[in-house]
Every structure is written in structure tokens, then in C-alpha cells.
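Features reported for this protein in Swiss-Prot:
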BINDING   50, 212  substrate binding site
BINDING   126, 185  ATP binding site
């Protein structure tokens with residue numbers, strides 16, 4: 001049995017662990033996508049709590065199975081809440097997942113991202129490839145990176161089959177240096193823990209046309225890691241999101257609908273997907 005076959009065979013068990021454990025996922029995220037993140041976590045069988053007041057975050061994360069911190073809409077109070085909760089999570093070995101939304105577009109986002117990376121142990125970092133390459137530049141892995149289009153990926157960075165190996169090399173080196181799992185999401189997702197690197201060629205081109213698809217994925221990553229382990233949990237989360245996107249697009253096309261319906265159907269299929277469907281629909285490659 002190949003390593004790929006072994007990974008695929010574990011998917012139903014990993015997904016069942018998420019649903020049976022119902023991991024409490026503490027998300028400190030942005031007000032643009034908070035509702036979608038909570039519903040995505042619920043849809044896969046986990047439980048969200050969206051606490052960010054500095055007076056309670058240490059207590060909340062103490063009962064959580066994972067902490068997801070998302071810098072999409074920064075404030076001084078929210079950054080302080082992220083630091084307090086990350087410190088407490090590290091103290092009790094609760095996994096911390098970082099979504100460095102828009103890192104590279106401002107000095108504040110760069111500063112906060114580096115402070116989190118340097119001071120707290122992270123189980124995973126999930127971002128688009130421009131965000132991941134920006135972190136690679138900030139940490140000395142590469143010398144240059146493109147500037148993001150706001151919080152969206154730079155068009156010149158978009159992952160394709162032509163640049164897959166080049167991007168995978170950067171992601172693997174960054175994962176090894178930071179001792180964490182890195183997931184760069186896009187038309188092709190790449191994830192690595194520095195030793196094993198996986199490409200996932202699933203998803204749909206409609207996904208970037210709704211706000212929050214990346215934030216939802218990061219929250220799902222937190223839930224899956226909270227019930228399993230960083231590399232395999234991140235892989236299952238990426239498969240859930242991308243395959244739900246494919247199915248949502250098919251449903252939208254059958255109804256001649258648009259992005260509003262796509263957003264709703266995405267949540268529907270996150271709820272409906274099972275392990276065998278993930279195996280059947282997955283298009284993964286171990287690089």
C-alpha cells in the first residue's frame with residue numbers, strides 16, 4: 001500500500017473522530033466572517049465559541065480543544081486577546097492555529113504576525129500563498145515576495161501545476177523552520193509539516209467570490225486538529241472545504257443561481273459530506 005493510499009484510508013476515521021469528539025473550537029476572528037466561521041464549524045460536527053474579551057479568553061481557551069486566531073480585522077484589544085489566549089493554550093498544550101489575513105499589506109499586520117510566530121507554539125498556519133510567502137520572507141526563507149491585493153492573493157502567486165513544486169519547496173522549508181504545519185490554499189492547496197508535503201487539487205473557481213472561504217477553512221482546520229493531529233487534521237479540513245465547494249458549485253449551476261446560493265450550499269455540503277465521499281472525490285498527491 002502506498003503512502004497516499006494509507007492517507008486516504010484514514011480519512012473516514014479522522015472525520016468520525018471530529019464528529020464524535022465534537023471539539024470545542026475557540027475562534028478569535030473578524031466581524032466580517034464570524035457567522036460563517038461558526039456555521040462551518042457546526043456543520044462538520046464541531047462546536048464553536050467566538051470569545052475575544054480579554055477578561056475571559058484565558059478561561060474560555062482552557063476548556064477548548066483548539067484555538068484559531070485570525071487577524072482579518074485588527075484592533076489593539078483583539079491582539080491582546082490573541083496573545084493572552086495563545087499563552088494559555090500553549091501552557092495546557094491546546095493547539096493554536098493562525099490565519100495571517102492580509103499579512104504584508106501593512107506594518108501592523110507584519111508586526112502582529114511575527115510576534116505570534118516568535119512567541120507562541122503554533123500547530124498550523126493557514127493562509128493564501130501570498131500570505132505564506134510573505135511569512136517566508138519575514139522569517140528569512142525567501143528574499144522577495146509579492147504584495148497581496150488587500151486580503152486576496154496576488155495574481156502572480158496563484159498556485160498552478162507549473163509552479164507547484166517551487167511553491168511546495170517554500171512551504172516545506174517554512175514548515176520545518178517554524179516547526180508547524182503550513183497550509184497554503186488556492187486553486188491547488190499545498191500543506192506540509194516539513195517532512196510530508198501534500199498537494200490537493202480540489203475546489204472550485206467560485207470559492208474566492210464569497211467572503212470568508214479562507215476564514216471558514218482556518219476555523220475548520222482548528223476543529224479537525226482539535227480532534228486528531230496537525231498534519232492529517234489539516235488535510236481533512238482542506239478536503240472538506242474544497243469538495244464541499246465542488247458540490248456547491250454543481251448545485252448552483254443546476255439551479256442557474258449565483259454566489260449567494262453558493263455560500264449557503266457550501267455550508268450544506270460541509271454538513272453532508274462523509275468520509276467515503278471525501279476518498280472518492282479527493283485528488284491528492286504526496287510531493
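All positions are counted from 1 along the displayed chain.
Backbone N, Cα and C define each Cβ position, glycine as well.
In this structure, the CA atom of residue 126 (ATP binding site) is 13 Å away from the CA atom of residue 212 (substrate binding site). Here the CA atom of residue 185 (ATP binding site) lies 13 Å from the CA atom of residue 212 (substrate binding site). The two recorded residues residue 50 (substrate binding site) and residue 185 (ATP binding site) have their Cα atoms spaced 23 Å from each other. Take the CB of residue 212 (substrate binding site) and look out to 10 A: across all protein chains shown you find 22 other CB atoms.
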